[in-house]
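*Asks:* Please find one structure pasted underneath; my questions will follow.
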Amino acid sequence: IPHFSTVSVEHLSRSDSWPKDVGILALEVYFPSQYVEQVELEKYDGVEAGKYTLGLGQKQMGFCSAHEDINSLCLTVVQRLVERSRLSWDSIGRLEVGTETIIDKSKAVKTVLMQLFQDSGNTDVEGIDTTNACYGGTASLFNSVDWVESSSWDGRYAMVVCGDIAVYATGNARPTGGAGAVAMLVGPEAPLVLERGVRGTHMEHVYDFYKPDLASEYPMVDGKLSIQCYFRALDQCYSVYRKKIQSQWQKVGVDKPFTLEEFQFMIFHTPFCKLVQKSVGRMMLNDFLAAPNPDTQSGLYKGLQAFRGVKLEDTYSDKDVEKAFQKASLEMFSQKTKPSLLLSSRNGNMYTPSMYGCLASLLAQYSAQQLAGSRIGAFSYGSGLAASLFSMRVSQDAAPGSPLDKLVSSLSDLQTRLDVRKRVPPEEFAEIMKQREKSHHLVNHTPQGSKDDLFPGTWYLERVDDKHRRQYARRLQPLYRLLTNLLLRFWLHFSPHLLLYALPIMAHEGPGPPGQPPRPG
């Protein structure tokens, strides 16, 4: 009988061998450079004033030009995170993409992103795409954290990429669209640590939102059912989360109920902002019904005695319950959640990146000192359905130059980036949507229109050839392009015979994938 060494097992069983404080080290957001005003869209669509702005809680909606697809969005956000964080491509050992924007039934977005690693020679990068509606990004985050905490970890960073283009056919659902991508760097000693052992998850089979037509970008949506499913999933996830964290507390001698008060901040997957405000009230309803003897004469639950006997499953469409708890939780919503809706209200629903855009919005509007030591609750929902409620603890170290300080500082330009986008009239927006319908899955196709409105540094779709192969290029920073052309002109002054080689470079918007020759813009 062979003898197997137990050294590695003993090593792994020691508590000090686990990577400590695994979570989010850095975060980057990308959203389109153009948007439409929801108040103008109301007029264009001929609906009553306030339907989109007050009814949905939306101010603006970002949308992609014909030059952008899911691959270009993810290329942009990954490159931006690596550049701004001054990372080496060799330092990434796992990269997983969460998306529901499928343009190829076989080839993963992750494989397209590998062209960014080409010059580094790093091909040892685990992870592929994960898909279930808006939940894929959260599944990718969980997988990445689990990888770092596992025996498979090789000491390098994991990167999570969430990206989607949310577009709808003309009608009631169209103003709930949006687009964007988020990239997160995951590793130990993080300023945002995912709390272990307390995730609450709920999954079930339901047709609330789905995309059976693979030739179209548009989904099938049962709006009323989807909202009911969202609330039911929130109830179930919150219940499981509370049981798990209360069990942890009891083991260390703390015997008290967990309530919404324990979250200093609470962020949500945000199809539209009004749903999130109702969700805070929904969580308060859960706390109220779970409390043994709630005080309905004063304080938080004042005047809510009439709802003491309701059952959660009977309240999904109960407007009286909804209004009462939305009103009672208004201050809590304003303090814990409203600041996180900056990006959602001005860019719309990004699908998988939606909740992480809320996290970025939160970090962009508070100082490291204000955030230090707080607990951030996070509810992620994907139709069909898959949902989880989990929490992150913010580092206590808010000193200048600390990981938390660097993370917060990196997102301080979020508001400015939103402000410099181009406003597009509804008529032009509608025409661009028609063009997207016509060009979706076309071969031998070059996207029409100008690339000048794209943010500098944005990757874009350059061409689709006759075999559906997609080619991408990057719009360089204006200063970089100017310096490049000046150097080339200087070079040509002394070596005019090289003009043939220089012209494509001078005309090119940006380099293609590493290892490929420059292409004309």
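Glycine is no exception: its Cβ is also placed from the backbone N, Cα and C atoms.
Sharing the record's features from TrEMBL:
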type     : residues                       : note
ACT_SITE : GLU100                         : active site, proton donor/acceptor
ACT_SITE : CYS134                         : active site, acyl-thioester intermediate
ACT_SITE : HIS269                         : active site, proton donor/acceptor
BINDING  : ASN172, SER226, LYS274, LYS278 : CoA binding site
DOMAIN   : 18-191                         : domain 'Hydroxymethylglutaryl-coenzyme A synthase N-terminal'
DOMAIN   : 192-475                        : domain 'Hydroxymethylglutaryl-coenzyme A synthase C-terminal'
*Asks:* Of the active-site residues listed here (GLU100, CYS134, HIS269), which is spatially closest to LYS278 (CoA binding site) when Cα positions are compared?
*Replies:* HIS269
*Asks:* Near ASN172 (CoA binding site), which residues of its chain come within a Cβ-Cβ distance under 8 Å, counting only those 6 or more away in sequence?
*Replies:* GLY223
*Asks:* Any idea which of the recorded positions HIS269, LYS274, LYS278 has the thinnest Cβ neighbourhood at 10 Å?
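*Replies:* Relative to the other recorded positions in HIS269, LYS274, LYS278, LYS274 has the fewest Cβ atoms within 10 Å.
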*Asks:* In Å, rounded, how far does the Cα of HIS269 (active site, proton donor/acceptor) sit from the Cα of the residue listed as 'active site, acyl-thioester intermediate'?
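*Replies:* About 8 Å separate the Cα atoms of these two residues.
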*Asks:* Spatial neighbours of CYS134 (active site, acyl-thioester intermediate) among the recorded positions GLU100, SER226, LYS274, defined as Cα within 10 A: which are they?
*Replies:* GLU100
*Asks:* Which residues does GLU100 (active site, proton donor/acceptor) neighbour through Cβ under 8 Å, counting only same-chain ones at least six apart?
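*Replies:* THR131, ASN132, ALA133, CYS134, GLY136, ASP164, LYS211, TYR351, THR352, GLY382 - these are the non-local Cβ neighbours of GLU100 (active site, proton donor/acceptor), listed in sequence order.
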*Asks:* Far apart in sequence but close in space: which same-chain residues, 6 or more away, have a Cβ under 8 Å from SER226 (CoA binding site)?
*Replies:* ASP208, PHE209, PRO271, SER383
*Asks:* Take every residue in the domain 'Hydroxymethylglutaryl-coenzyme A synthase C-terminal' (192-475), average their pLDDT values, and give the whole-number result.
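*Replies:* Reported value for the domain 'Hydroxymethylglutaryl-coenzyme A synthase C-terminal' (192-475) is a mean pLDDT of 96.
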